[in-house]
């Protein structure tokens, strides 16, 4: 039977082409994801290990901790005495300290070079012969003076900087000019991620990022003959075990490799989920293919039964065909996955991320996964068609008495589909009412069951839905329109399976679109409707905190009407840590639209505190209530509640206090934003004045309210486009399913089409009939998918509404219209080959076809 199955595959290779393509695409998605993540993991782990080459022991400081009273304790880092003690140990060859943080380099136009979050600065410490093995200088030397820096080669090339040039560098304060002492290459992670690396003289870096005389990390090199483990054992007694962590360089490289793997697992999981969706959609195509092939080969299969083959042998023959198709498709998918991995890397690179190079890594597990998935998916999808072959009696089959679905079988299917759908809908509503993580999990399960139930019910839904549009098709397109509608519902199961693949894709696309656009509008409204300020000043790409001098500089600049820093801090309220915002009491009312429910913001200028409504209600605070605060420096104060305001998530913390008071009691302040109003209102000229007042600082962004809206809209659109791209594979497979169904349907209806041609239906109208049939099936699946997608978006949105005040579902009818239009276009394109084949049939040959 294996030889028979192999011959059948070769005999029907054209009809199996779409199945092979569908499985190949799905397997390519899976194997491409695995190859991409394995390659990236190997490259990043290799870079990490190389960066610690020669490091016997690494010592890292946790920084200062806090005691139970919230007061800081311990050293801010690893001090010079600790370094000297380690250096004096026998077996230590050298010790180098490292301190690092954000540093932005400007080009000749003052624009930031590199990705904001990965632009780093660090100290340069010569180890041996005035060199450091981490940095290979191609020009000049490392910085030896306070006014010198060195740049990585990529940054120097982008800025056209040469040794001796003046380089404008900013951390979180005013921009400064340094002389370029050297240009180097490095395996540093910041540079490999597409950022820049600026090396400072050690004392300068300590002033910028920590405190004079302190390091964040110490790297210890061992003398020949001294083991890393022995050195580690000698170093540990010299350290405060609560505030530091010491480990061998090999252990650190291994730890970072594990962190890399953990980080990549999230990306891998997301990609594999979408690959699973593609494979799930492909199952419908495979099922349809083998169902139609079995139907078309009824006589052939009956002949096998008649000459002695039993039911099991016939079933195994069909499953063997599926096995052969699965193996071939899996092999092709594995090869395609290698190309797809390169494509994923290019796409991520186009989004601004720089990924390390390296040859594709094809692990044994990837090969096994590709083969297993290809074979299992194809074989499972063919089980039901294969089982049906055994149910056809040889005599009935010899007479071509095909066995259509009986009313009883459809009745059972409809009842089962109704039960599953209602159970799914019930779980969705239960999830909405429950809320929280439990509610979301319940809702997810309900959505799955609802989608499965709807797929089961598609044959039932197809007749009334398509029947309703038949008069319109007949009126608009005449006989081809009428025949197209009739053909679409002739075999409800086939139509249902074909439409289901499109419905699944459109369900996910619609859900994501509605949620993405709605959330984007809500966040946009939340972030700007309560903002009166003309401009928001912040670090580029959320690179960290602004220096307090930024607000001071702007306050003194001409043309500036109001300035308020948005200082983020905290204090203890009756012994519990609470987030606090420090603002300028004199100007905050001009810059933020704060809805005061009781009291007045003027009370902030008297040293009182304003409390958000939800917190005040929970703590039973009212205006005039005295609360006990413990500041960051440990000092205590009894402060009155001077105002209660409507919660402003994302703009103000639950507690608001005068910025001067918060700064006075805090050693380190985090200032994410400074809000500014200018004389005469926002304009291009006014925005440029603010930029000029800050010295054209490359590390700082001055954004208008429209810029903020565009930023949020851009993030949402980028996310949606990524999701659309990931779902694109499933949609491509859906299109192949329509092509496959129509092509095999044309072959199945050869005699019928020949008869239509004989009684006067010309070639153009035959083509129109096939095209319209494809459009009807495509739109049927699309409309169902859009409807389910809207329902699921409403359900998910209902849970978000509790966490997002002002959430209102927005239906993007323009996008929904585009989705439906694209579904119709997909139908037309999918019908091109089948329609052409149908129109080219020789009517006489077709009529005599048995």
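Glycine is treated like the rest: Cβ placed from N, Cα and C.
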If you look at how TrEMBL annotates this chain, which of 472-495, 496-519, 520-543 comes out as transmembrane segment?
496-519
Annotated range (TrEMBL: transmembrane segment) out of 236-257, 368-389, 544-565
368-389
Contact set of the transmembrane segment (410-430) with the rest of its chain, CB cutoff 8 A exclusive, min separation 6+ beyond the ends, reads 439, 442-443, 445-457, 459-460, 492, 791-792, 795
Over the span of the domain 'ABC3 transporter permease C-terminal' (726-842), how high is the average pLDDT in this prediction?
83
Give residue numbers and ranges for long-range contacts of the transmembrane segment (322-348): same chain, 6 or more residues beyond its ends, CB-CB under 8 A.
5-6, 9, 16, 19-20, 23-36, 39-40, 271, 286, 290, 355, 360, 362, 366-367, 370-379, 381-382, 386, 725
Other than its close neighbours in sequence, what residues sit by the transmembrane segment (496-519), given a CB gap under 8 Å and a spacing of at least six beyond its ends?
277, 280-282, 284-285, 287-288, 291, 451, 454-455, 458-459, 461-462, 716, 719-720, 723-724, 727, 730-731, 733-734, 737-738, 741, 777-778, 780-782, 784-786, 788-790, 792-793, 796-797, 800, 804, 807-812, 815-816, 819, 823, 826
Same-chain residues at least 6 beyond the ends of the transmembrane segment (774-796) with a Cβ under 8 Å from one of its Cβ atoms are 428-429, 431-432, 440, 443, 447, 450-451, 454, 458, 461-462, 465-466, 469, 473, 484-485, 488, 495, 498-511, 513-515, 518, 734, 738, 741-742, 809, 811, 816, 819-820, 823-824, 826-828, 830-831, 834
Are there 3 or more C-beta pairs under 8 Å linking the transmembrane segment (816-835) with the transmembrane segment (267-287), counting only pairs at least 6 apart in sequence?
no
Close approaches to the transmembrane segment (722-747) from elsewhere in its chain (Cβ under 8 angstroms; 6 or more beyond its ends)
15, 18-19, 21-22, 25-26, 29, 270-271, 274-275, 277-278, 280-282, 284-285, 288-289, 292-293, 296, 347, 487, 494, 497-498, 501-502, 504-505, 508-509, 512, 516, 753, 770, 773-774, 777-778, 781, 826-827, 829-831, 833-835, 837-838
